[in-house]
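Database features (TrEMBL):
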- 10-275: domain 'Protein kinase' (DOMAIN)
- 292-323: region 'Disordered' (REGION)
- 304-314: compositional bias 'Acidic residues' (COMPBIAS)
- 330-352: transmembrane segment (TRANSMEM)
- 355-421: domain 'PASTA' (DOMAIN)
- 422-489: domain 'PASTA' (DOMAIN)
- 492-560: domain 'PASTA' (DOMAIN)
- 565-631: region 'Disordered' (REGION)
- 584-601: compositional bias 'Low complexity' (COMPBIAS)
- 602-619: compositional bias 'Gly residues' (COMPBIAS)
- 620-631: compositional bias 'Low complexity' (COMPBIAS)
Amino acid sequence: MIGTMLGNRYEPLEKIGEGGMAVVYKAKDHLLNRNVAVKVLKEQFSSDKEFVEKFKREATAAASLSDNNIVNIYDVGTQDDINYIVMEYVSGKTLKQIIKEEVRIPPERSVEIAIQIAKALKCAHKNNIIHRDIKPHNILVTEDGIVKVTDFGIAKASNSVTITNSNKIMGSAHYFSPEQARGSFVDFRTDIYSMGIVMYEMVTGRVPYDAESPVSIALKHIQEPVVPPIKLNENVPESLNKLILKAVEKEPIKRYQTMEDMLVDLKKIENNQKLNLIEDDLNDDMTRIMDPVDVNDNYKDEEGYSDNDYEGEPEDKKNKPTLDPKKKKTILIIALFVLVTVIGAVSGYFAFNRTSAEVAVPNIIGMKQAEAKKLVESKKLNFVVGAKEKSDKPEGTVLECFPKVGTKVKANSDVRVIISGGTDTMGVPNVVGIDLSTAKSIITSSGLDVGDISYKYSDTVSQGQVISQDPEADSKVKDGSKVNLVVSKGPEAKYVTVPDVSGKSISEARAIMQNAGLRVAENPVETSDKTQENLGITNQSIGASRQVKEGTTVTLTYYVYKQPEGEQGSNQIPQDGNNGGNNGNENSSGQNTSGQQNGDGQQNGGGQQNGNTGGGNSGEGNNSNSNNSGK
């Protein structure tokens, strides 16, 4: 794995840890140029599609947690059957390493650490995430004393794996709750139990239950009472001792009901305030620990005489007169009758009192809350709702009670019950208007599954974004329900007919194309033939009558006249030529006048000829005119 680039971004540099299901590497994030921790799922779990799906789902959900005492999750990915999670890299030690080094952590410091763990779990529970694998190995402590809880998500995904699958997974048996050991329903209180075990280990240096096999440890969690930590470490304050014992109660209903409650008491201990923990009343039929009675103690009657104070017969007995045998027999019979009567009355009195002072807890399991309360109170008992749990039973149904059904308790005792909160429902997130990839991630991270995905055109929703969802946002559904999505294909393509604009002027052709829903690109071609300028559009890139998508661009070709450079010079007569012509005309006129004056018609004709010559060629005209003028 070292040297393999994951996601074209994360490069594992060194192995820094290994658990039952994953190996952790210190890695380099080349995109953000920082160190991260990459947890890679082991190969034997990668083949379990259901496990991998839960692994990703819970990791994605955990990524939403934001707390200073929780290791941040940055990314989740898969590459070539390698499933990995990218997390915040924490420089420090695990709490397990610290316990091994210090054996016992001082109570004051243990409370400081516990408060930070409780804050992390409080944040998780608030976001409906149960850790399920709280243990010192999953708790990191930085060099500055900041506590970071890690492995959110993996623990919840591992509930499908038995404790016998791997020796690595077996390690968690020291910390899981009795309900986890039994494989029964668990809620947030399982984390409270595990945290109590962690605190127990911090202050005593050992776990409360240990054995050669995980199964044996699990049975101890279920059956054996815990040795109070104060018995193993006399420096543990009584308040902290009570708090730990309350957290590790075998019955969830007798523990702290929320992490918030436990956090409040931890802060009281930190501030040396007195705890007021609720103690459960014990009746005479409940097992209790009590001092043994010393059978060798001398018994004294109400008058203060012991058996050893009496020796011999009383002095007056020797002088007491003897009764007649018949009278003695009569007196004895009367005495026996009175004695039997008195004993019967007294026995009946005490039996009546004992019976009337105790009552059996009625069978209320499966009853509706209102009915169960009415029945319990009719037995002179107090009906107390201890907690609500999600279950497949109808909402408001009694799931459990404590003491158990049939237990005899004193009148006015509390009967605590767990009420069904109904099936585990959750609100459907709103993913309308979000791109499909992000919508999928949000749905799965919410504990739901992506259902059918269909596509349709939309003029208002961009391509690739969700148009609608079913169920709608905020609907209440069961965990794992499917959310169907309709995704936009963008605006629906409309086809139009390309008009014929041949011979049209460019302005006219442009207007026709635009009215048809098409775009125009111009291709003017220069020409020196002025007559071609009037030809209009000579070519269009897409032929007339063809069907094309609306908005398609059609290139129009037309001629633009450009005067040749040579023609521009001939149109403008040079200045010298004009002068020559003028001179020739002038000379011709002069010769003509001269000819008329002299009466010489030939001269006149010559003058005109020279004048014409002067008009045709300025140089010759000048010379000819000059000669004619001389004549």
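Every residue gets a Cβ built from N, Cα and C, even glycine.
Note that TrEMBL annotation is computational and uncurated.
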Secondary structure of the domain 'PASTA' (422-489) by DSSP, residue by residue, totals 10 helix, 28 strand, 30 coil
Summed over the domain 'PASTA' (355-421), the DSSP helix, strand and coil counts are 13 helix, 28 strand, 26 coil
Confidence over the domain 'PASTA' (422-489), expressed as mean pLDDT on the 0 to 100 scale, is 89
Using DSSP three-state counts, the residues of the domain 'PASTA' (492-560) come to 16 helix, 27 strand, 26 coil
